[in-house]
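A.B. asks: Can you read through this structure? Questions will come right after.
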Amino acid sequence: MSFNATAFGDYCASAVEDQSTDVAALCQVYNLATDGTNAAGDLSDGLNTFFLLFSGALVFLMQAGFAMLCAGSVRQKNVKNIMLKNLLDACGGAIGFYTIGYAFAYADNASDSKTFIGNKNFLLLSFDGSGGEWIGWFFQFAFAATAATIVAGTVAERCKMQAYLCYSVFLTGFVYPVVVHSIWSGDGWITAFRDDPWQGVGVVDFAGSGVVHMTGGATALVAAIILGPRKGRFYDEDGNPLETPVSFPAHSVALQILGTFILWFGWFGFNPGSALAIDNSVSAETAALCAVTTTLAAACGCVTSMFTDTMIEKSATGEVSYDLTAAMNGALGGLVAITAGCSVVTPWAACIIGIIGGWVYLGFSKFLIKMKIDDAVDAIPVHFANGMWGVLAVGFFADPDLMAIAGYNDFPGVFYGGSGELLLCNFVSIVWICAWVFFLMTPFFVILNVMGMFRVDPLEEEVGLDISHHRGPGYDMAGAKKEDVEELMEVRASKHGKVEVPKEVAQAAEDTA
């Protein structure tokens, strides 16, 4: 026999009307218990909403991190251009994900059959505010915008604005959502969130090493190949290959390191926030573990990349130096690599994943140079290469106990005695993401290139995109005029006797003139 709450409520109402004292007292106890349960539920919903709001805000703050990192990495003459592109990533991502992207990614399909793409909630018209729909969209939008921003740095200093806007909306509105649907949606074809996942486990990519970073990185790779390198990077003015590629120095190391720290900070929303809830001990444990593994992987990736680069230089030249770029990108590579398995690996495994992530970054960066593929900020080695490594690492290091806590079937990684089902699923996700992105983005960029919408004019590139596209340079470098400095010194001399112009002042005035 089951308890019928509706019938009992009606019974209580009639008892109050009949002034039945004993029954009314019982009903009062029941109502107090019910009110307490409802209050606890409201508190739980509010806590989870705040958790996702805070985590999503941290992920959105990563847009500022990308902007600072990219701005610091490019030459001074292209700062305004790359900053504007980062800003428009957020805008294009919001519009694309609002209109069609979310519907393609997370539609609530009526059937239990596996589907390729979603088909509901276009323009969020079906939202009624229940079940955390609004905050769910916001959190997922922040991820979509991140995928688009990855490409900005790769194509910096030579990509037209209209091309950038086109692919930003296309990526967040269609390309990325289909990948999301296949892996994170409850009815995706290789998702782990089904009653009958493929190979019994499905793809385990907790926060998006593959879904977000590989998708953005693969798009950046295609764009870099079709767009071609910056002028003077690998070829001279006559088109002849240079014996040694030219390195364009970053114009602001301070902005680079600021961007790196902002990204690292934002990752604490990216990874722990992917627990999606914080109102129970299981979700709290998962989020806390993600914070630990994220920290360790970033630290190990940074140290490994920098010191390995130092040892390579010492072996080749006999000199010892410590490269800040290798350290920063090593940390970011470790962060990307741990993103897939942050909730299902132990701290020692996170260290190993980060260490290998630093090596993956260095190796793939050198491979791109050898292939004469120009990546202005090394986004492809960081996001694409380490995205692949991070997805594969889950298949090796997943702890079955942590898998169960994180909400997956408790299939172990290979190093925990697993027979390879998880590794196979994650490998298939890598092949699928590469195939999908390359299949769509290659003709997309080729068409833009053929139409003359992709690359800026050579003269505009030489002058710099800030002047040629954005009404002037990003920095006002004008100093005092030489004649004004001399007049000032003459005035002071007439008041206080002979006053010599300091050499530094004279030189600065001369340079300005």
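Glycine too: its Cβ is placed from the backbone N, Cα and C atoms.
Because TrEMBL annotations are produced automatically, they should be read as predictions rather than curated entries.
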A.B. asks: According to TrEMBL, which of these ranges is transmembrane segment: 320-339, 380-399?
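C.D. replies: Of 320-339, 380-399, TrEMBL gives transmembrane segment for 320-339.
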A.B. asks: Averaging the per-residue pLDDT over the domain 'Ammonium transporter AmtB-like' (51-475), what integer do you get?
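C.D. replies: Summarising the domain 'Ammonium transporter AmtB-like' (51-475) by its mean pLDDT gives 94.
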A.B. asks: Sort out for me which stretch, of 50-74, 86-107, 134-152, 248-266, 286-308, has the most Cβ pairs below 8 angstroms to the transmembrane segment (206-227).
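C.D. replies: Ranking 50-74, 86-107, 134-152, 248-266, 286-308 by Cβ pairs under 8 Å to the transmembrane segment (206-227) puts 134-152 first.
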A.B. asks: For the transmembrane segment (164-186), which stretch among 86-107, 248-266, 320-339 has the most Cβ pairs under 8 A?
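C.D. replies: Checked against 86-107, 248-266, 320-339; highest Cβ contact count belongs to 86-107.
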